[in-house]
Amino acid sequence: MAMDGYRGFLGLLVSGLLVGFLSVIFTLVWVLHYREGLGWDGTALEFNWHPVLVVTGFVFIQGIAIIVYRLPWTWKCSKFLMKSIHAGLNTVAAILAIISLVAVFDYHNARSIPNMYSLHSWIGLIAVILYMLQLLLGFLIFLLPWAPPSLRALVMPIHVYSGLLIFGTVIATALMGVTEKLIFALKDPAYHSFPPEGVFTNTLGLLILLFGALIFWIVTRPQWKRPNEPNSILQPNGGNKEEVEGSMAINTGNVDKSDSELNSEAAAGKRNFTLDEAGQRSTM
């Protein structure tokens, strides 16, 4: 099936992937060039894993997971396959987000820095918890086969809305974290004096914001939505149309067979009644 506005979709998709990839590259350049690199030893090098993993997993990979249903090249794939890819990408993003939190808490505890005192940390932890719940409920309701179609239809709008809400919250939290880190880290020269690191990292923040805007635009265009599969209510996990038609043909055959049997029994009864009537007449 052809997509309406395919060229526009392709341009936005390429732009979004490019901006997201640049966001990851800018984050790596920031921590490797300006923040002395990466490590896992309780020092600031361990903290540097936090922005890298958040931007890579919680922003970039989550954004791809959101728009994976919109790719027209996958519309011929089964719905169950696309659900599995969607869940797999979100699982990778969740794992990276958890590791990023471990890096922060480990660094704070090693340096005797208080935990969970800033608005950035509050909103960030809430976003991670909601993301885990979203992933768990999505797996139980939409991926496993035992949820009834009525429940899926009820939960789907909530699932879509909460996914976009969490993604937007992650974007806002990442921007808050970048600003907070620059304020604490840049002392000489100070952040307000426009040092190169400050300008470079502000550019990273703009890239993250632009990536989020492109993902939101792609996923909210109704003409780019994956077409509904026929007989979707009868196929909770993406069974194909031929299977449903085959089962309908089998049922129809059974009905026809039952009707023919009933007709045969009626005809036999009629013949027996005629013979009985003839016998009674001859006796009389």
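Glycine is treated like the rest: Cβ placed from N, Cα and C.
Noted in TrEMBL for the protein shown:
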COMPBIAS  229-238  compositional bias 'Polar residues'
DOMAIN    15-220  domain 'Cytochrome b561'
REGION    229-284  region 'Disordered'
TRANSMEM  12-32  transmembrane segment
TRANSMEM  52-73  transmembrane segment
TRANSMEM  85-105  transmembrane segment
TRANSMEM  125-146  transmembrane segment
TRANSMEM  158-179  transmembrane segment
TRANSMEM  199-219  transmembrane segment
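Here the domain 'Cytochrome b561' (15-220) has a mean pLDDT of 97 out of 100. Under 8 Å from some Cβ of the transmembrane segment (158-179) lie the Cβ atoms of residues 50-51, 54-55, 58-59, 62-63, 66, 119-120, 123-124, 126-127, 130-131, 134, 137-138, 141-142, 201-202, 204-205, 208-209, 211-212, 215-216, 219, all in the same chain and six or more residues away from its ends.
Same-chain residues lying 6+ beyond the ends of the transmembrane segment (199-219) with a Cβ under 8 Å from its Cβ atoms: 9, 12-13, 15-16, 19-20, 22-23, 26-27, 29-30, 34, 55, 59-60, 63, 66-67, 70, 164, 167-168, 171, 174-175, 178-179, 181-182.
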